[in-house]
Each structure stands twice: as C-alpha cells, then as structure tokens.
Amino acid sequence: MSTTKHSFQAEVAQVLHLVTHSLYSNPEIFLRELVSNAADACDKLRFEALNQAALYENDADLRVRISFDEKAKTLTIEDNGIGMSQQEAIDNLGTIAKSGTREFTSRLTGDAKADSQLIGQFGVGFYSAFIVADSVTVETRRAGAAASEGVRWISRGTGDFEVEAIERAARGTRITLHLRDDASEFLNGWKLKSVINKYSDHISLPVQMEKQEWKEAEEEGQPGAMVKTGEWETINQANALWTRAKKDISSEQYIEFYKGLSHDFAAPLAWSHNKVEGATEYTQLLYIPATAPQDLFTRDKQAGIKLYVKRVFIMNEADALLPSYLRFVFGVIDSADLPLNVSRELLQESRDVRAIRDGNTRRVLAMLEQLANAATASDADAITDVADKNEADNTENDETGALKESEKYAHFYREFGAVLKEGLGEDFANRERIAKLLRYASTASDTVSVGFADYKARMKDGQKAIYYITADSLSAAQSSPQLELFKKKGIEVLFMTDRVDEWAMGFVNEFDGTPLQSVAKGAVDLGDLQDEQERKAAEEAAEHFKPVLERLKQALKDQASDVQATTRLVDSPACLVVKDGQISGQLARLLKQAGQAVPDTKPVLEVNPEHPLVKQLEASPQFDDLAHILFDQAVLAEGGLPTDPAAYVKRVNAMLLGASA
Ligand SMILES: Nc1ncnc2c1ncn2[C@@H]1O[C@H](COP(=O)(O)OP(=O)(O)OP(=O)(O)O)[C@@H](O)[C@H]1O
C-alpha cells in the first residue's frame with residue numbers, strides 16, 4: 001500500500017517543536033484534549049445521523065475507550081464517532097483550524113518556560129499528544145465509508161507526517177500514543193482514572209476503560225497484581241454536567257466545564273445554572289468570563305453558546321440565543337422544545353428561541369447586577385446577603401485569581417464594559433437595566449466607578465441634569481475647556497472615553513427622570529445653579545462684546561457656524577461646541593478614521609469675553625490671525641488637528657515674534 005509524506009503547516013510545526021522540546025508544566029492535559037475530541041466526534045456523528053440513521057452502522061452506542069499496554073508502552077484512545085476520510089485527516093491533523101490553538105500561537109513569547117506554561121493553560125488540541133508521546137498513530141474511518149477507506153496517519157512530531165490507506169472495519173478513530181519514558185505514569189489504570197475524573201467527568205458520553213481486578217499470585221509468597229478482565233467499565237459520570245442537580249456539582253466541576261467550553265485558562269467571574277420551566281422549557285448554564293478574547297470587537301464575533309436539544313448537540317456559537325452585546329458570555333442551552341433538525345435560519349424565526357434569548361439576557365443582566373451590588377456593598381454581610389438570595393447563581397468562587405467578590409465587577413467592566421454599552425442601542429426593553437450597570441470616571445473620581453445612580457445621589461441642590469463629556473482619553477476629558485465652569489462650581493461631570501460612548505448616549509436621554517446633558521453640546525444651562533448676578537454680568541458683557549463677535553463670525557465664516565460669548569469657560573479663551581443633536585468633533589473624527597461618511601457640520605465657536613487674549617482682539621491689528629488661532633486652538637484642545645496645521649504654526653510664530661519684538 002502506498003504511503004505519502006506530508007509536511008505540517010508552519011504554525012503546527014512551531015507548536016509541535018515547542019510541545020516536544022520544552023518542559024511542560026501540566027502533561028496530563030493531553031488526555032483532556034484527546035477525550036474531548038473523541039466526544040466531539042461522537043456528537044458530530046449523532047447530529048449527522050439524525051437525518052441519516054445508516055451512519056450508525058448498527059452501532060448507536062457511542063463511547064470513548066481508553067486502554068494501555070505496559071509492555072509496548074502505548075496508550076490508546078478510541079471512539080466510534082464520525083471518523084475522518086483521508087483528506088480530512090490530512091487537513092485536520094496537519095493544519096491549525098481551531099481558534100484556541102491560533103490564539104495560543106499568537107501568545108507565544110519565545111521564552112520556553114513561559115510558553116510551556118501556556119500549553120498547560122490553553123491546551124493545544126490534538127497536538128498535545130506529543131507532550132507525552134514520541135510517536136502518534138491515528139487510525140480512522142469515516143462513518144458511512146467502506147472498510148477499505150480506512151486511513152493510517154503517523155507522525156513523530158517533527159516536520160512531517162505519513163498517511164496511508166488501510167482496511168478498517170470499525171468506524172471512528174483510534175489514536176495510539178507511544179509514550180516517552182518520562183511519561184510512563186500514564187500506563188497506570190488509577191492514574192488514568194483520576195485524570196479523567198478531573199477533566200472529563202462532565203462529558204455526556206461514557207468514557208470506558210478495561211476493567212482490572214486484583215489477583216493474588218499463584219505461587220505463595222509472590223505479590224499479587226491488577227489484571228485486565230476483558231470487560232469495559234464506564235469511569236465517568238457520563239451525564240452532561242448541566243443535566244445534573246446543582247447540589248451535585250462542585251465549583252471545581254463548573255470551572256473545569258467552563259474551561260472546556262471557552263478554552264480560557266482563567267476561571268470565570270460568575271456562572272448561573274437554571275432549569276427554566278413554563279411555556280418554553282430549557283436548561284441554561286451561563287458563564288461570565290474574566291478575560292476578554294482578542295476578537296471581542298470584530299464584527300462577526302459570535303456568542304460562545306452551545307445549543308443542545310434534549311441533550312443532543314446541535315451547534316456551536318448559537319448566536320440567536322443571546323443579543324450581540326452579550327457576546328462575551330459562554331454557556332450551554334439545552335432545549336426540550338426545539339426540533340432536533342433545527343437550522344440556524346429556523347433559529348432566527350422560532351418563538352421558543354426568542355423566549356430563550358430573552359431569558360438568557362435577563363439572567364446575564366441579573367448576574368451582572370449581583371456582581372455590581374457586591375462591589376457597592378461596603379460590608380461583608382451585605383455581600384453574603386446578595387449571594388444567598390439566589391442560590392442558583394454562583395458569583396463566589398475563590399479560584400478567579402485573587403479577586404475579591406467586591407472587585408469582580410470592576411474587573412468585568414474593564415474587560416467588557418464597552419461591549420455592554422452597545423446594549424443601549426440594541427436592547428430597548430432592557431435599556432434601563434443596562435444603564436444602571438454602566439460606570440464612568442468623573443471630575444470626582446479618577447477610576448471608572450461612578451454609576452448614574454451614584455452621580456444622582458450626590459447632585460447639588462438645584463442641579464437639573466446629569467452632565468457628561470465625551471473625549472478620546474481620560475486626560476483629554478479631564479483638561480477639556482468645557483469643564484471649567486463646572487469645576488469652578490463643583491458640579492460633577494462624567495467622563496465618557498470609550499469609542500462607543502457618544503453613539504450609545506444617543507439612545508439615552510435620561511436616567512431615572514433626570515435628563516443627561518453633554519457639556520460640549522448646546523447652550524450651558526446650569527439652571528438654578530447659575531448665580532443671578534453672574535448671569536446679568538455675562539449678559540452685559542455679551543452685549544458689549546457684540547461687535548467683536550460679528551467680526552469673528554465674518555473672519556471664521558468658513559470654519560464656524562456661529563461665534564458666541566460664553567460663561568462656560570474660566571481659564572481658556574475659546575472652545576468648540578456642537579448644537580444639540582449634532583455629532584461631536586470627536587465622533588466625526590472616529591467615523592472618518594473608520595472610513596465612514598460624516599455630515600459636514602460646522603461647530604459653534606464659543607469665546608470667553610473675560611480672557612485677556614479675547615480682550616486684546618478688539619484693538620489688535622492682526623484680528624484675523626488671532627481669530628484663526630483661537631479657532632485652531634479650540635480644535636487642538638479637544639484632540640483634533642487644525643485643517644491647515646502649517647498655517648496655524650506660521651500664525652503663532654508671527655505672533656510670538658511680534659510679541660518679542
Ligand atoms: N477523534 C477524532 N475524530 C474525528 N475527528 C477528529 C478527532 N480528533 C481530532 N479530529 C479532527 O481534527 C481537528 C483538529 O483537532 P484539534 O483538537 O487540534 O482542534 P479542535 O478539536 O478543532 O479544536 P476545538 O477543541 O477548539 O474544537 C478537529 O477539528 C477534528 O476535525
């Protein structure tokens with residue numbers, strides 16, 4: 001029979017080199033990876049067989065079997081799942097398809113020790129076999145194919161692998177690892193059982209091993225030994241984790257299950273496991289991760305929800321089951337009502353799916369509220385109270401690094417806050433709940449910790465609005481000229497520095513009856529907070545200043561839609577504002593960078609009649625230059641660039657020279 005040689009894809013070779021040449025911190029994870037692949041292969045067969053029962057070839061008892069041979073030093077993992085054709089074996093085992101492995105390779109640092117620790121945390125799928133084996137043989141046949149279409153795939157974990165056609169009566173895949181000398185601990189039934197219990201207990205299929213029994217030695221005085229009986233016994237619980245009663249599942253088991261789902265190496269921040277009954281029945285197990293994946297902001301990032309129907313796996317990334325702004329959530333939904341042959345298209349239209357999606361959304365928001373409450377509650381009693389109220393939810397798990405319960409929400413918000421904000425525009429029904437979960441830095445707090453409710457609680461007497469400013473960064477927000485009056489009067493202003501903020505705020509006009517007002521939009525109306533005397537003085541100044549304003553308007557007619565005197569500035573000569581309902585300069589810049597069309601609206605230039613520079617205007621022989629400098633500086637102060645930077649520099653230099661002459 002002909003054998004063909006193939007080279008591994010470059011990334012695979014890189015992973016294999018690392019796996020075989022570096023120390024590894026956690027060798028046993030290879031078993032988790034291989035058993036999980038075997039279980040996936042069985043799930044795939046079960047799914048395909050829904051429409052094509054013949055694929056079972058009269059053997060519908062799906063299972064994974066693990067056996068070992070001490071003499072030959074081999075360990076074998078065999079499943080009767082979907083199997084692979086020759087081409088599939090070449091493609092699947094010679095290139096990297098899986099996202100977890102791709103992320104793994106992207107995080108490699110080149111430092112062998114750090115990288116090998118990464119392997120332990122991530123797992124590198126099939127290739128983790130080479131952590132313990134110096135050669136790996138895969139024999140497989142795809143379900144439904146003829147016995148003559150079997151395949152043997154062999155590799156020593158170097159640059160290439162060999163493939164040949166074989167006869168294989170059994171459907172599915174057998175992976176034989178020839179263990180290295182330093183991995184002989186895995187030639188032991190107890191060891192294997194304990195590893196499987198740790199990592200693969202939640203798998204819904206039976207994982208079986210050959211039964212062993214203690215046998216006394218025939219000759220007296222000789223030690224007895226464990227001998228194989230030839231029977232298979234199931235060594236895991238073999239019922240899917242989410243189908244078990246909550247009281248029978250430990251935190252460690254929930255966390256392990258999450259890691260398997262997400263390929264995340266950190267424990268989740270919180271999870272919630274519920275059996276939902278009523279018009280639509282389903283089991284829901286949802287997790288909030290502690291760290292954001294790298295692709296969180298790519299447009300087609302899907303929710304990590306696996307859909308099962310009556311325990312049969314249907315699909316990964318069932319994005320119809322959660323709104324896109326909760327795409328960071330991982331979990332499993334097992335529906336009792338959906339048809340087994342449900343497709344993605346059908347999912348979009350199903351009423352049951354809508355009910356599940358609403359239920360999931362409410363549940364995730366409730367978990368977040370619980371974390372947020374724990375962050376606000378100052379004493380430990382209050383925190384326990386919150387946790388006790390809903391025993392189904394677990395937000396208390398010590399394993400999430402050293403995070404205290406009260407720190408988790410801030411951690412969550414740093415990672416996912418910007419995504420949550422998308423919900424303001426996406427989920428009308430839950431807008432208020434989402435708004436309550438938002439946090440910002442402000443003139444009163446450098447950390448992102450102020451919610452609208454906190455803000456309201458410390459509003460000044462007579463204050464009628466919640467004030468905020470959008471900017472590119474915290475420091476840009478902090479030094480915005482628009483804040484000057486607010487700072488002087490001690491009125492708190494929220495800093496919104498995420499790209500999504502201005503768009504998101506377009507959907508929120510008020511919080512709990514109090515209007516939200518950008519300090520860079522429309523007129524400043526501090527209502528009762530403005531001193532009557534100040535107001536009068538300002539009006540008089542403006543009146544006196546009218547002729548200068550007219551000249552400024554004329555000089556800047558191509559740049560500014562209007563020029564007005566303002567009381568909002570204290571130390572700065574001028575700032576830009578836009579009219580209510582218009583997009584800010586900051587958002588316009590963001591949109592332009594993203595290549596989007598931006599309506600060409602001119603801002604209003606507001607000038608501070610009390611500022612010495614502005615006072616000089618009237619008598620200045622260089623009125624025009626000064627006017628342009630004022631405008632360009634206002635653009636610079638909000639993080640923009642003058643339309644003609646060179647002209648700006650020229651004008652400023654001319655002024656400087658004039659001043660020094
Ligand atoms: N026992 C098996 N039976 C059938 N196909 C398998 C088996 N093991 C691996 N494969 C195939 O090889 C591919 C690569 O496996 P690998 O473990 O590297 O990544 P993966 O399983 O796709 O990743 P993930 O764990 O993210 O789903 C699998 O997607 C699957 O198509």
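Including glycine, each Cβ sits where the backbone N, Cα and C put it.
Record features (TrEMBL):
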| type | residues | note |
| --- | --- | --- |
| BINDING | E33, N37, D79, M84, N92, 98-100, 121-126, T173, R344 | ATP binding site |
| DOMAIN | 26-183 | domain 'Histidine kinase/HSP90-like ATPase' |
| REGION | 1-344 | region 'A' |
| REGION | 590-661 | region 'C' |
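Around the Cβ of D79 (ATP binding site), 28 further Cβ atoms fall within 10 Å across all displayed protein chains. For the binding-site residues E33, N92, T173, the ranking by surrounding Cβ atoms (within 10 Å, all protein chains) places T173 first. T173 (ATP binding site) falls within a strand when secondary structure is assigned with DSSP.
Counting every protein chain shown, 22 other Cβ atoms lie within 10 Å of the Cβ of G125 (ATP binding site). Over the domain 'Histidine kinase/HSP90-like ATPase' (26-183), the average per-residue pLDDT in this prediction is 89. DSSP assigns G125 (ATP binding site) to a helical segment in the three-state reduction.
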